[in-house]
Amino acid sequence: MIFDKDDFKAYDADLWNAIAKEEERQQNNIELIASENVVSKAVMAAQGSILTNKYAEGYPGRRYYGGTDVVDVVETLAIERAKEIFGAKFANVQPHSGSQANCAAYMSLIEPGDTVMGMDLAAGGHLTHGAPVSFSGQTYNFLSYSVDPETELLDFDAILKQAQEVKPKLIVAGASAYSQIIDFSKFREIADAVGAKLMVDMAHIAGLVAAGLHPSPVPYAHITTTTTHKTLRGPRGGLILTNDEDLAKKINSAIFPGIQGGPLEHVVAAKAVSFKEVLDPAFKEYAANVIKNSKAMADVFLQDPDFRIISGGTENHLFLVDVTKVVENGKVAQNLLDEVNITLNKNSIPYETLSPFKTSGIRIGAAAITARGFGEEESRKVAELIIKTLKNSENEAVLEEVRSAVKELTDAFPLYEE
């Protein structure tokens with residue numbers, strides 16, 4: 001028996017009500033977490049499809065089970081669309097997450113204990129770029145590079161000097177909280193100069209790369225990884241790209257049977273439909289609006305001397321704000337904004353002096369509000385509401401004004417049209 005919504009509600013009211021509350025929360029909140037987005041109904045339909053029933057260890061044409069002709073078609077669609085989007089010769093669409101994709105990439109490029117350079121977490125890197133608490137930092141000898149302490153920009157001369165000193169087998173480029181353009185060609189020059197491989201994690205900027213609004217790493221990286229959500233607006237999952245056939249074989253083996261069993265073909269289907277959406281000309285307009293909205297919000301903060309934007313601005317979908325002149329730390333800011341239905345996250349800033357559980361900064365992203373239809377005017381209004389909240393944290397009347405303004409915005413831009 002396949003449940004419809006009424007069946008589901010009657011059968012498991014507790015779970016139904018929890019999901020309904022989350023739907024209400026998303027509708028009534030302004031979502032600024034840079035790693036979140038709003039998927040289409042088509043993506044949700046594919047992910048909730050009957051494909052969830054099918055086990056399909058292996059790859060199209062090379063499965064361990066029978067009855068896989070249809071899922072082979074589904075997975076091949078996802079692969080071919082990913083290759084078309086990013087101009088790559090090979091694509092693996094099976095990783096369950098970006099972290100799984102990174103793990104498989106490392107397994108394809110280096111050996112345990114090898115020296116690797118990755119971006120410092122506080123400077124904008126990611127846990128899987130060598131943090132001691134991550135499998136990456138525990139399996140490989142990661143050494144972090146940072147940004148210039150004055151400009152807060154990547155310092156390629158310093159990165160080259162460090163690479164010449166430590167002689168890494170692999171350099172990892174890409175970030176989870178860096179608001180400027182990354183020059184991947186320079187990273188490749190450094191890697192070549194020291195005999196290292198280059199891996200790029202473009203999880204945050206993949207949608208901008210797909211739209212031609214950020215330089216692509218694919219021509220320069222030996223392996224490129226990404227998530228399929230964030231700016232790509234797809235389901236939660238991972239993707240690995242390469243132009244090297246030998247590496248493609250290693251990647252496939254690293255994913256299956258290396259670190260995963262059967263792929264989640266319902267998620268692969270959701271990736272496929274989201275990739276079709278990315279190939280639509282309308283996606284480029286969406287991605288351009290994401291950057292416009294990010295810049296519009298950043299400009300409001302730049303005009304207020306009580307706040308400091310890391311690196312002085314943004315050229316992508318996100319930016320970091322040092323809030324310590326106004327509130328105690330980023331965690332306090334995050335909690336205050338939660339109370340007025342604005343959702344974002346505390347975030348470390350370069351050369352952070354506070355713990356990662358408190359932080360000096362907050363991270364603000366424009367992908368989700370742009371998906372709802374917010375424009376530059378609404379984005380500026382959102383930034384003003386953030387500032388108003390943080391500067392009036394003890395004034396309940398002002399906070400209620402902010403809540404009302406948030407409600408007006410979310411009502412004007414529904415999460416999904418009926």
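Each residue, glycine too, has its Cβ placed from N, Cα and C.
Residues or ranges marked as (6S)-5,6,7,8-tetrahydrofolate binding site by Swiss-Prot on the basis of sequence analysis: LEU121, GLY125, HIS126, LEU127, SER355, PRO356, PHE357. With a 10 A radius on its CB, PHE357 ((6S)-5,6,7,8-tetrahydrofolate binding site) counts 9 other CB atoms from all the protein chains. Annotation note: PHE357 ((6S)-5,6,7,8-tetrahydrofolate binding site) sits in a coil segment as assigned by DSSP.
A C-beta separation below 8 Å, combined with a sequence spacing of at least six in one chain, links LYS230 (N6-(pyridoxal phosphate)lysine) to ALA34, SER35, GLU36, ASN37, ALA203, HIS204, ALA206, GLY207, ALA367. Taken from Swiss-Prot, the feature N6-(pyridoxal phosphate)lysine covers LYS230, and the record attributes it to sequence analysis.
Taken from Swiss-Prot, the feature site 'Plays an important role in substrate specificity' covers HIS229, and the record attributes it to sequence analysis. According to DSSP, HIS229 (site 'Plays an important role in substrate specificity') is assigned to coil rather than to any helix or strand.
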(request) Tally every other Cβ atom lying within 10 Å of the Cβ atom of LEU127 ((6S)-5,6,7,8-tetrahydrofolate binding site). (result) 16
(message) What whole-number value in Å do you get for the largest C-alpha pair distance within LEU121, GLY125, HIS126, LEU127, SER355, PRO356, PHE357, the residues recorded as binding (6S)-5,6,7,8-tetrahydrofolate?
(response) 16
(request) Rounded to the nearest Å, what's the C-alpha distance separating LEU127 ((6S)-5,6,7,8-tetrahydrofolate binding site) and HIS229 (site 'Plays an important role in substrate specificity')? Just drop the number here, would you? (result) 18
(message) Are there any residues at least 6 positions away along the chain from HIS126 ((6S)-5,6,7,8-tetrahydrofolate binding site) with a Cβ closer than 8 Å to its Cβ? List them or say none.
(response) MET119, GLY174, ALA175, SER176, ASP201, ALA203
(request) Could you find out if DSSP has GLY125 ((6S)-5,6,7,8-tetrahydrofolate binding site) as helix, strand or coil? (result) coil
